[in-house]
Amino acid sequence: MIKLAKLNNRPEIFHSIQGEGKNLGKPSVFIRLSLCNLYCKWCDTDYTWNWQGTPYPHNNDAIPGYQKFEKDEMMAVLGDEEIAGIVDDYNCKNLVITGGEPLVQQKSLISLLRLLRDNERGYHIEYETNGTFIPLPEVDALSHQYNVSIKLSNSGVSYEDRIEPEAIAWFAASPKSNFKFVVDTEQDMEEVQAIINKYNISNDVVYLMPQGSSVESLRQKQNWIVEVCKQYNYNYSDRMHIHIWGAKRGI
Ligand code: SF4
């Protein structure tokens with residue numbers, strides 16, 4: 001059984017376009033899992049982990065009326081066949097398993113992945129991961145792409161929690177990985193460069209993406225980030241879904 005995020009009383013599985021990173025613009029079905037091992041203060045899927053009673057501060061705390069989430073209300077527990085059945089209805093071969101942090105539940109994912117990789121289905125499977133878990137061999141064998149977003153200090157998460165050297169080294173060595181860094185200020189680039197250099201990550205698999213959940217906040221940062229991308233041959237990634245739909249969920 002797999003824990004998914006719940007939206008409008010239904011599991012959050014939806015057909016849209018990939019709004020970020022390497023496959024930006026690609027029609028995809030998103031399977032949003034619940035639970036995360038981190039606690040980024042700007043996380044825009046805080047309903048997957050910011051449960052009532054937990055101590056983590058969040059930028060949304062400043063919004064009048066914002067409250068941490070009731071875990072049982074925000075989670076749907078589904079079996080493999082049920083999930084595969086929903087996905088099959090969309091007639092779209094690119095699947096993005098996201099969260100939260102999807103690899104928190106990677107043991108439970110193995111049987112679902114086997115079902116989805118069945119020859120008749122033949123899905124292409126990518127993950128949005130924070131890069132703190134090494135995929136199990138069974139998971140890796142059934143997966144095509146890792147969009148690895150290692151968190152920087154701008155996330156508010158402690159260094160020990162967000163940097164797992166063995167996991168980063170594993171992803172850096174995998175031909176299936178690309179690295180997406182969420183940058184807020186020019187100072188963030190020192191941390192990004194240090195990670196890239198330490199783990200010998202090739203510049204052409206690096207994507208820099210502005211932090212922000214409004215068009216205005218993305219625009220404020222895009223010019224200097226583009227200049228850095230030109231200088232180092234990194235890729236620029238927008239957050240296209242914000243331009244199209246704003247911070248709306250499930251689209
Ligand atoms: S790792 Fe991702 S899902 Fe988890 S808190 Fe950070 S931004 Fe949110």
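We count from 1, first residue shown onward.
Quick reminder: no glycine exception, Cβ is built from N, Cα and C everywhere.
TrEMBL entries are annotated by machine, without manual review.
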Based on TrEMBL, name the residue from Arg10, Arg32 that is recorded for the same substrate site as Ile17, Gln18, Gly19, Thr98.
Arg32
Rounded Cα-Cα span from Gly100 (S-adenosyl-L-methionine binding site) to Gly19 (substrate binding site), Å:
16
Among Gln18, Gly19, Thr45, Ser149, Ile150, please name the binding-site residues whose Cβ is nearer than 6 Å to ligand 1.
Thr45
Say we define neighbours as other CB atoms within 10 Å of the CB. Which of the binding-site residues Cys36, Cys43 has the fewest?
Cys36
Give me the long-range Cβ neighbours of Trp42 (S-adenosyl-L-methionine binding site): same chain, 6+ apart, Cβ under 8 Å, in sequence order.
His58, Asn59, Asn154, Ser155, Gly156, Gln211, Ser213
